[in-house]
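K.L.:
Here it is, the structure, as structure tokens.
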Ligand code: CNA
């Protein structure tokens with residue numbers, strides 16, 4: 001597939017796609033093959049988009065799979081949240097009943113957000129470390145969704161994966177750090193809240209597992225894992241979004257309520273001509289309140305949706321082989 005300097009699909013590439021997809025793609029990128037968004041008449045009654053025109057084209061999951069399979073889209077930016085890790089056994093925040101916000105009695109905090117507030121942490125760091133013990137890398141394993149994203153990387157289709165998760169499962173699936181933006185930090189490193197010395201997160205594993213608040217070996221200040229609390233700046237790598245989202249030719253959004261800023265607004269940062277696929281239990285963020293004609297929403301369980309996409313891509317066997325290989329490696333590490 002030929003790409004223009006901005007990474008857009010050329011007319012020739014688009015015409016190689018057949019039938020409805022070719023028509024949809026032509027409308028997406030315009031007859032010159034450039035990134036110039038042209039007005040779309042996409043959207044059937046009850047679908048997303050502007051609708052109201054007799055020429056109606058609506059992208060489907062199958063169309064997105066075709067864009068990926070044919071490599072018409074090869075600069076995929078992915079945004080994920082806690083919903084991709086619930087199948088690994090880690091509760092999200094907001095799912096009613098199972099989410100952490102519904103089950104905070106054990107943490108002894110006045111209100112849910114307190115667990116990630118610096119003011120409360122300095123007053124009482126124990127609730128955060130109770131949660132940290134739960135989420136520390138090594139306890140949970142990546143699931144089908146993480147390995148699907150790893151496969152995107154292996155196929156050189158992944159431009160960058162932006163995650164809000166702090167469970168480290170993207171790293172554990174084998175996606176290299178260079179492809180990741182851990183927007184809300186990780187347990188991989190930690191910083192003394194007093195002298196600001198930085199340490200590998202691993203240095204404090206024993207403390208966290210033994211329910212001890214970790215202290216700086218130099219100044220005895222409390223050491224906080226480099227998880228981004230409310231009001232703290234995001235890691236410098238987050239700035240990569242400026243280039244990534246303008247280069248992206250497909251945006252995948254999985255397992256997030258898109259309620260936490262500034263992360264949530266990234267979903268609006270791709271040009272309007274770029275298709276966005278939401279895989280989530282419910283319709284969230286701009287997919288609900290300002291949908292674009294090029295949006296696709298696959299609602300339901302994330303694993304089932306990903307498996308459906310993988311099937312449409314013809315990657316099922318490859319994904320199974322990858323999972324088997326990687327699971328074997330993790331089994332080996334556990335021994
Ligand atoms: P959230 O606000 O809890 O939203 C999760 C979304 O995922 C919701 O829309 C759910 O409906 C959806 N969802 C949950 N399970 C599934 C499933 N099996 N299939 C399909 N959809 C599902 O979480 P966000 O990530 O949007 O919020 C951002 C917070 C959550 C970040 O600051 C994270 O650090 C924080 N968080 C992270 C983890 C983790 O690292 N695993 C766990 C809990 C919270």
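Positions of Cβ are set from backbone N, Cα and C atoms, glycine also.
According to TrEMBL, the record shows the following:
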- 54-316: domain 'Deacetylase sirtuin-type' (DOMAIN)
- 184: active site, proton acceptor (ACT_SITE)
- 192, 195, 216, 219: Zn(2+) binding site (BINDING)
K.L.:
Which has the fewest other CB atoms in a 10 Å radius around its CB: 192, 219, the listed binding-site residues?
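P.N.:
Across 192, 219, these binding-site residues, the one with fewest Cβ atoms within 10 Å is 219.
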K.L.:
Helix, strand or coil at residue 216 (Zn(2+) binding site), per DSSP?
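P.N.:
Residue 216 (Zn(2+) binding site) sits in coil per DSSP, no helix or strand.
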K.L.:
Take the Cβ of residue 184 (active site, proton acceptor) and count every other Cβ within 10 Å, whichever protein chain it belongs to.
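P.N.:
For residue 184 (active site, proton acceptor), the count of other Cβ atoms within 10 Å is 21.
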K.L.:
Return one of helix, strand or coil for residue 192 (Zn(2+) binding site), based on DSSP.
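P.N.:
Assignment for residue 192 (Zn(2+) binding site) reads strand.
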K.L.:
What residues, ordered by sequence, lie under 8 A Cβ-to-Cβ from residue 216 (Zn(2+) binding site) and sit at least six positions away in the same chain?
P.N.:
192, 194, 195, 197, 222, 223
K.L.:
Taking just the CA atoms, what is the gap between residue 219 (Zn(2+) binding site) and the residue listed as 'active site, proton acceptor' in Å?
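P.N.:
One finds 26 Å between the Cα atoms of these residues.
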K.L.:
Excluding 192, 195, 216, 219, which residues of the same chain place their Cβ within 8 Å of the centroid of the Cβ atoms of the recorded Zn(2+) site?
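P.N.:
Once 192, 195, 216, 219 are set aside, the remaining close residues are 193, 194, 196, 197, 218, 220, 221, 223.
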K.L.:
Give me the mean pLDDT over the domain 'Deacetylase sirtuin-type' (54-316), rounded to a whole number.
P.N.:
93
K.L.:
Look up the residue listed as 'active site, proton acceptor' in the DSSP assignment and report helix, strand or coil.
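P.N.:
It is coil.
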K.L.:
Quick test of your reading of the structure: among the recorded positions 184, 192, 195, 219, whose CB sits under 6 A from ligand 1?
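P.N.:
With ligand 1 as the reference and 6 Å as the Cβ limit, the list reads 184.
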K.L.:
Run through the Cβ atoms and count how many others sit within 10 Å of the one on residue 195 (Zn(2+) binding site).
P.N.:
12
